[in-house]
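A.B. asks: Mind having a look at this structure? Questions to follow.
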């Protein structure tokens, strides 16, 4: 399935395709979630689907996947993670997720959904570690909302005939995220230094 076929698939199956493809996540269609959401935005921009309903279908798919992963982790525990670890294509992402959770704890939920594949592993780890579901949901659902809004909005600026751009954006997503984080961090540091100078001058 290529980019144009994905657009046709979502166009034909509509909101159901958006929901289930994002809910299934790691075992879903052979397309990154970013591309699926951007395609939904592009299709809704062409008046084939209602934009608000399309967005809600995508977001419900995202939070359903987050809930499903957490429940599997809390109910089944390590065995489900061991099965995923047995897949060579996933083992490195599980290791990355382990390190992120160990280093950042719950704070990882503020950005994990922007990391491909890691977004599907972290919910299992949260469930396995018996993190309160409501604390997990409050943070991860908010992050999922921002992620969905970002890529759906990007898709609204892309026509169905130029869907290859979605794949390009996905390929460089991590670099874009790191650039944004670096820019924000730099801005905060500069702001902090400027405030310190003002305080010193006043004193």
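The backbone N, Cα and C atoms fix where each Cβ goes, glycine too.
Feature list, courtesy of TrEMBL:
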{"type": "TRANSMEM", "residues": "12-32", "note": "transmembrane segment"}
{"type": "DOMAIN", "residues": "31-156", "note": "domain 'VTT'"}
{"type": "TRANSMEM", "residues": "52-73", "note": "transmembrane segment"}
{"type": "TRANSMEM", "residues": "106-127", "note": "transmembrane segment"}
{"type": "TRANSMEM", "residues": "133-152", "note": "transmembrane segment"}
{"type": "TRANSMEM", "residues": "172-190", "note": "transmembrane segment"}
A.B. asks: Give the nonlocal contacts of the transmembrane segment (133-152) in its own chain as ranges (CB under 8 Å, at least six residues past its ends).
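C.D. replies: Contacts with the transmembrane segment (133-152): 34, 37-38, 40-41, 54-55, 58-59, 62-63, 66-67, 70, 74, 106, 109-114, 123, 126.
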A.B. asks: Report, as numbers and ranges, which residues of the same chain sit near the transmembrane segment (106-127): CB under 8 Å and 6 or more residues beyond its ends.
C.D. replies: 25-26, 32-34, 62, 65-75, 80-81, 84, 90, 93-94, 96-98, 100, 135-136, 139-140, 143-144, 147, 170, 173-174, 177, 181
A.B. asks: Would you report the average pLDDT that the model assigns to the domain 'VTT' (31-156)?
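C.D. replies: The predicted confidence over the domain 'VTT' (31-156), as a mean pLDDT, is 87.
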A.B. asks: Please spell out the DSSP helix, strand and coil residue counts for the domain 'VTT' (31-156).
C.D. replies: 107 helix, 0 strand, 19 coil
